[in-house]
Amino acid sequence: MGIKHLYQVISENAPDAVKTGEIKNHFGRKVAIDASMSIYSFLIAVRSDGQQLMSDAGETTSHLMGMFYRTLRIVDNGIKPLYVFDGAPPKLKGGELAKRSARKREAHEAHEEAKETGTAEDMEKFSRRTVRVTREHNEECKKLLKLMGVPYIDAPTEAEAQCAVLARAGKVYAAASEDMDTLCFEAPILLRHLTFSEQRKEPIQEIHLDKALEGLGMDRKQFIDLCILLGCDYLEPIPKVGPNTALKLIREHGSLEKVVEAIESDPKKKYVIPDDWPYKEARELFFNPDVRKADDPQCDFKWESPDVEGLIQFLVTEKGFSEDRVRNGAARLAKNLKSAQQSRLEGFFKPVTKTEAEKASLKRKHDEKIEEQKKRKKEEAKAKKEAKARPRGAV
């Protein structure tokens, strides 16, 4: 799930933190990818007539189809992917996982009912909601990656947190995930939409944590407190607290402790904090997640030549894939993983350090830009209010 509305908050209040561009712009870069999130998206997206793809034996193959062809697209564009798999979820995440499981059970029942009485649209909608990534899906994807020569590692707990460790250490350029909570784990750069299909034509979003903090005017602790208030995987959100209110509360009070104190002492009881809301434990999980250090031997990885015959046996013989397509894919892998060895030009040059005067000038321009955006929003809100107050038919 990640952090609710965080992308909206960053793009509106720290626009300089977000860059969008084509996948080819990341040629020559190593990227750590949240595997479990990717597999989940493959199970939802890679379908035929609203149903997951199946082998002749009735086994789901959507995850393998997605992993094979989306990884090929990444490698075709000169990127060297490293996949990171989730380990056991933190205990605090249990409540959220239980809720998701209950929602999936309800969706499964609704899906069965839609089969009997509903439209094809209803069936597809409820079918997507029943999707969950199983241990078997993960193990089959690991087997496929090994045959492709693409490395993967297992995280002790959260894959996003391990991706962030590797990015901070410079072992990869960025962490790639659709989950915005990757930024809470201090990933310097987050890439989104990297494993999307080419048909979706979604640009790659590149979000820089330092610029997000600068634009929001927050330190990392305040940023994490904001994310907890927005709603994260560890805690349910406070009812009636949306993105604008969450941002206002953190800016006004500076920390979750003071926000909670203000809410509980409010005689009007405008907001009510859930009975079981251990925000300090959630904050600790973001600050000190269970991860392996970047220099741990289990975090070593390298790209190798694909095992062509192994791929044929697994994908073609066992799973019913097209042999021509698999052989073609293996050839592309072998060729493009070699070309991805070429360094980006930026690797040969050290960035020139800005003077204090230049930094002050950039900050002034940034502040002016933020003020201009706020002014424009106020004017737009005022215009909307006036338009609503105007009688119908009045000019």
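Easy rule for this one: first residue shown is 1, then count along the chain.
Quick reminder: no glycine exception, Cβ is built from N, Cα and C everywhere.
Feature annotations, reproduced from Swiss-Prot:
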type: REGION; residues: 1-104; note: region 'N-domain'
type: BINDING; residues: ASP34, ASP86, GLU158, GLU160; note: Mg(2+) 1 binding site
type: BINDING; residues: ARG47, ARG70, GLU158, GLY231, ASP233; note: DNA binding site
type: REGION; residues: 99-126; note: region 'Disordered'
type: REGION; residues: 122-253; note: region 'I-domain'
type: BINDING; residues: ASP179, ASP181, ASP233; note: Mg(2+) 2 binding site
type: REGION; residues: 341-349; note: region 'Interaction with PCNA'
type: REGION; residues: 356-395; note: region 'Disordered'
type: COMPBIAS; residues: 356-389; note: compositional bias 'Basic and acidic residues'
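Here the candidates are the binding-site residues ASP179, ASP181, ASP233. The one whose C-alpha lies nearest to that of ASP34 (Mg(2+) 1 binding site) is ASP179. Here the region 'N-domain' (1-104) returns a mean pLDDT of 84 for the predicted model. Every protein chain considered, the tally of other Cβ atoms within 10 Å of the Cβ of GLY231 (DNA binding site) stands at 22. When the region 'I-domain' (122-253) is classified with DSSP, helix, strand and coil residues number 68 helix, 15 strand, 49 coil. Shown in sequence order, GLY2, ILE3, LEU6, GLU160, CYS227, CYS232, ASP233, PHE286 are the residues of the chain, 6+ apart in sequence, with a C-beta less than 8 angstroms from the C-beta of ASP181 (Mg(2+) 2 binding site). Between the C-alpha atoms of ASP86 (Mg(2+) 1 binding site) and ASP179 (Mg(2+) 2 binding site), the distance comes to 13 Å.
The CA atom of GLY231 (DNA binding site) is located 12 Å away from the CA atom of ASP179 (Mg(2+) 2 binding site). On the backbone, the CA of ARG70 (DNA binding site) and the CA of ASP179 (Mg(2+) 2 binding site) stand 18 Å apart.
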